[in-house]
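Database features, via Swiss-Prot:
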BINDING   72-77, 106-110, 130-131, 143, 152, 170-173  NAD(+) binding site
BINDING   185, 248, 265  Zn(2+) binding site
């Protein structure tokens, strides 16, 4: 098992990663000094697979677990689904001494974390991500929230977990499409922050596709270390943390226009990264070889790279509603070659529309 710490003063927490560590979650939560009643928020896909061993471990450690099972899918990341969680917490008698375990992928983690942030004005929660995307990205850093029909993640809060527990064994039951979508976030870290990680993914396509546990543990914890370093410097996304939105600006637009659930989040990010690379190339911050290398890696991971066709005005409208849009324009993260980045603010989206071939 590997461990690392996200250093945020009195809100610091530990990330534990390895193979076969899920049965130890009860003892780990006991070490944290958490209250007796725990709501395990999961979904209809993950619950039948992993709620049993998690609940058994928690019960053996002296906790009283409550099962809260949600429908599975990005399309259910809504206020209506949040009320399912709130109702269960109220009916289960959870108090400020109680806590939540988020057992699932990014949607479960975002909603369970938002419930923890808002129920009784805040109770502790522990992230137990079971998808690759959640393990390398959304479970670390404290972003929680839900979607709105007019945009993704428009409602939410920054609220840090008490701990993150990553068991790569959970990836053995992950559908192929979701697993590969998670690799998009791994590639993201390499493109803008770590050229060595990018090269390692290029070298290890075969073991990655075979879900080699040792390779995955190494790559996942490397991503978590990068994410932790960024969050420590910029917890609330006022500066450096914005780099983690590489590929997300157009990616979120793709998700919104296509309808939540049409593209998996990682698939949309893969598309967005290629478009960001085109923009970087157009501005002289990357070469055609850099863009080609990124595109080839994503394609080798069986990820989409082509922007779906919607009217230019539809893209423009969704982009301007992006939560990263401010009075000074819309923030875009661009790659500087492989391993570097810059952040530009665009008042006029015509350049993006022209370079990316939007609407055509």
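Quick reminder: no glycine exception, Cβ is built from N, Cα and C everywhere.
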So residue 75 (NAD(+) binding site), by the Cβ count within 10 Å over all chains shown, scores 14
Specify all same-chain residues, apart from the site residues 185, 248, 265, whose Cβ lies within 8 angstroms of the center of the Cβ atoms of the Zn(2+) site, ordered by sequence.
-> 133, 137, 184, 188, 247, 251, 266, 268, 269, 272
Of the binding-site residues listed here (185, 248, 265), which is spatially closest to residue 109 (NAD(+) binding site) when Cα positions are compared?
-> 265
Densest Cβ neighbourhood among 248, 265 (binding-site residues), 10 Å radius = 265
Have a look at the binding-site residues (131, 170, 173) and report the one with the fewest Cβ neighbours inside 10 Å.
-> 173
Residue 106 (NAD(+) binding site) has its Cβ surrounded, within 10 angstroms, by a count of other Cβ atoms equal to 24
Of the binding-site residues 185, 248, 265, which one sits closest to residue 106 (NAD(+) binding site) when you measure Cα to Cα?
-> 265
Candidates 72, 185: member of the binding-site residues with the richest Cβ shell (10 Å) = 185
Residue 170 (NAD(+) binding site) and residue 185 (Zn(2+) binding site), compared by Cα position, are separated in whole Å by 18
Residue 109 (NAD(+) binding site): tally of other CB atoms within 10 A of its CB = 30
